[in-house]
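Have a look at the structure below, then the notes.
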Ligand SMILES: Nc1ncnc2c1ncn2[C@@H]1O[C@H](COP(=O)(O)OP(=O)(O)O)[C@@H](O)[C@H]1O
Ligand SMILES: CC(C)(COP(=O)(O)O)[C@@H](O)C(=O)NCCC(=O)O
Ligand SMILES: [K+]
């Protein structure tokens, strides 16, 4: 069994691959103050729930956009799994040709998503959208080059900013309102948030298509991908496990 972990700014997604199949997956909060022991016990409780033991894990791969917690996670791998993890970054083969001014600057999650998208949907231009703490858009051309993209504030942090900066606005559930023309504060905010981000996706993807003069396949991932894609036809595929899939592809390339 191979353990794959993607450390996002809000959550850590983890999964187990058994014989090339994602057999288990969980999410836990990214806590910059947790110790290696605390992370190990959290993972142990997920494992116990499904009857898996640490000894069954033969390899680990991690991608992270939160450098301060990497020491703790690597320490956890050594102490509890007796495994030296692969960490997506310099020295790890991804097979991706990155056309960024400084390739080292691209977030590891974006690289992993691009690898998974190429593996699953390659041979055509692709746009990958990840709805996480931030919303990332990545353009991959037909040859499989990573061309760059866009980074926007995420849905949850934007909504949180609205609530915290406007005295009369409440904290709301991020869900689709019954009407675009809201008749009360909550549905008006939901309308602004949901259709605002739907408009962003259509605007950014539309402009990328225009500039590239191509019709790429648009793949979305991240916790709020389904909600946004249900409101627009511009997203072709929702793949909730894109990042975990990409991690496993990279793990295999580094065997
Ligand atoms: N179903 C949901 N409804 C509302 N907010 C959500 C939902 N799922 C996740 N979030 C929030 O969306 C944000 C991004 O989460 P996540 O996709 O895990 O991002 P990251 O990969 O950056 O850690 C977080 O603030 C999280 O609390
Ligand atoms: C853009 C991000 C903050 C997204 O992170 P996430 O929403 O998954 O927590 C992350 O990919 C990152 O820190 N990237 C580095 C800058 C770049 O990709 O250009
Ligand atoms: K992410």
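Heads up, the Cβ atoms here are built off N, Cα and C, so glycines get one too.
Per TrEMBL, the feature active site, proton acceptor maps to 109. Classification of residue 109 (active site, proton acceptor) by DSSP places it within a helix. Cβ neighbours of residue 109 (active site, proton acceptor) (same chain, under 8 Å, six or more residues apart in sequence): 6, 8, 63, 65, 130, 132, 136, 243.
Following the DSSP three-state reduction, the secondary structure of residue 8 (ATP binding site) is coil. Around the Cβ of residue 8 (ATP binding site), 23 further Cβ atoms fall within 10 Å across all displayed protein chains. Marked as ATP binding site by TrEMBL: 6, 7, 8, 9, 10, 11, 12, 13, 133.
The substrate binding site annotation in TrEMBL covers 100, 107, 108, 109, 110, 185.
When other Cβ atoms within 10 Å of the Cβ of residue 130 (K(+) binding site) are tallied across all protein chains shown, the result is 27. Taken from TrEMBL, the feature K(+) binding site applies to 130.
Listed in sequence order, the binding-site residues from 100, 107, 108, 110, 185 having a Cα within 10 Å of the Cα of residue 12 (ATP binding site) amount to none. Among the recorded positions 8, 107, 109, 130, residues whose Cβ is positioned under 6 Å from ligand 3 are identified as 8, 109, 130. Packing around residue 6 (ATP binding site) is summarised by its Cβ count: 26 other Cβ atoms lie within 10 angstroms of its Cβ, all protein chains included. Only 8, 10, of the recorded positions 6, 8, 10, 107, 109, 110, place a Cβ under 6 Å from an atom of ligand 1.
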